[in-house]
Amino acid sequence: MTNSTPIRSTHFDAIVIGSGPGGEGAAMGLTKANLNVAIIEREPSVGGGCTHWGTIPSKALRHAVSRIIEFNSNPLYCKNNTSLHSTFSDILGHAKSVIDKQTRMRQGFYDRNQCSLIFGEASFVEKNTVAVTAKDGSIETYTADKFIIATGSRPYRPEGINFNHSRVYDSDSILSLKHDPRHIIIYGAGVIGSEYASIFRGLGVKVDLVNTRDRLLSFLDNEMSDALSYHFWNSGIVTRNDENFEHIEANDDGVIMHLESGKKMKADCILFANGRTGNTDKLNLSAVGLEADSRGQLKVNDNYQTDVEHIYAVGDVIGYPSLASAAYDQGRFTAQAITKGKAEARLIDHIPTGIYTIPEISSVGKTEQELTAAKVPYEVGRSSFKHLARAQIAGKDIGSLKILFHRETKEILGIHCFGERAAEIIHIGQAIMEQKGEANTIEYFVNTTFNYPTMAEAYRVAALNGLNRLF
């Protein structure tokens, strides 16, 4: 057992299980309200899956690959027919350095706020008691008045696949890839699968992307999904839609995937990225009268309370939206519920989505298909990045911004962006969308002055384009 500050007692006002974004948000909120708080983390360092296997490393890898692509496509550098080549193992070092920085920073949060850190696997013993099993096998028990379960999720591993084989990976173990594949199969074309397809293809690896649905990222606006499909095709990624695996053969020299349709695919290795499950199986929930669903998730009310009054849950372990940003907010709201009797805030209605493929995608609000189904009289304003001076200067002219707005009230209903820095660009429009009443209007972008040249100017161009469609 290791702790950031000396543990004053084995009893705490609150114990948070898990130090990912949800656990961190809850712990910080509770300690700032002067509660005696402990946080239990099963891994050797804080940060949770987001920091060590999920959001941070995958985005760091994506950034490194993007810079390689930029170097190789820039006429300033490639005029001598020289190009920069890196392997997956080469760029893992960049991800590791970012993870280390994030871990040190988050460790500092707990140190400054005198939050006790306990390292080990937590499981409930009875209503107000948890046992923590350390790496050396020793067991300590702790009691608390309140508990917050923030244990996150892990990749779904179906039976019949040998994930211990050196050629078979999930989205956690892929960060321990020991060889440099020339050809990879990625099963699952959701956000994680699509992001890794971009990363590997950017490194020159042949990618077969197997999608269990009829289109890529079907929750997106159709134009965004179509744009991603085109760019994947244009980059050389082979996408197989509407396919399900039957079984996987893993050999010393590669893998063969057999599909239910009768097709067979062969590659050096496979990344299985189809679904996630909540980390609740080792918590011994039955000891406190709780039961997770088939996906390992817990039900909570508006205050993030489970069916057991003094036990709360946040983050991936409660399902949608399963975003690091939302989990942190849920943790803060839970701290409010515990200290003030009620969560004073809740997640916003329109949570932005950021997908770090190459190119990037981000959206907030309604899609065209949703507005059409609801018979909302909307209009569309578009801006192509290739017409923006800043994009031309930066050589980032692939992409577009689309604003959906009500024809009569001019209220912004949805914003969809495809291209470099899309996840940053989206927040400009989101800020206006969140305004109340008449303040949410597409006319804002026409009546304000933007810096020039900027990518933000896409909003002015799209707004003018959309307003010119009205009659």
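Including glycine, each Cβ sits where the backbone N, Cα and C put it.
Annotation source Swiss-Prot lists FAD binding site at GLU41, ARG42, GLU43, PRO44, SER45, VAL46, GLY47, GLY48, GLY49, CYS50, citing sequence analysis.
Shown are the binding-site residues GLU41, GLU43; the one with the most C-beta atoms within 10 angstroms of its own C-beta is GLU41.
Of all Cβ atoms in the protein chains displayed, 19 besides its own lie within 10 Å of the Cβ of SER45 (FAD binding site). Neighbours of GLY49 (FAD binding site), defined as other CB atoms within 10 A of its CB across all chains, total 25. Classification of GLY49 (FAD binding site) by DSSP places it within a helix. Cβ environment of GLY47 (FAD binding site): SER19, GLY20, ILE56, ILE99, GLN102, THR103, ARG106 lie under 8 Å away, each six or more residues apart in the same chain.
In this structure, GLU43 (FAD binding site) belongs to neither helix nor strand by DSSP; it is coil.
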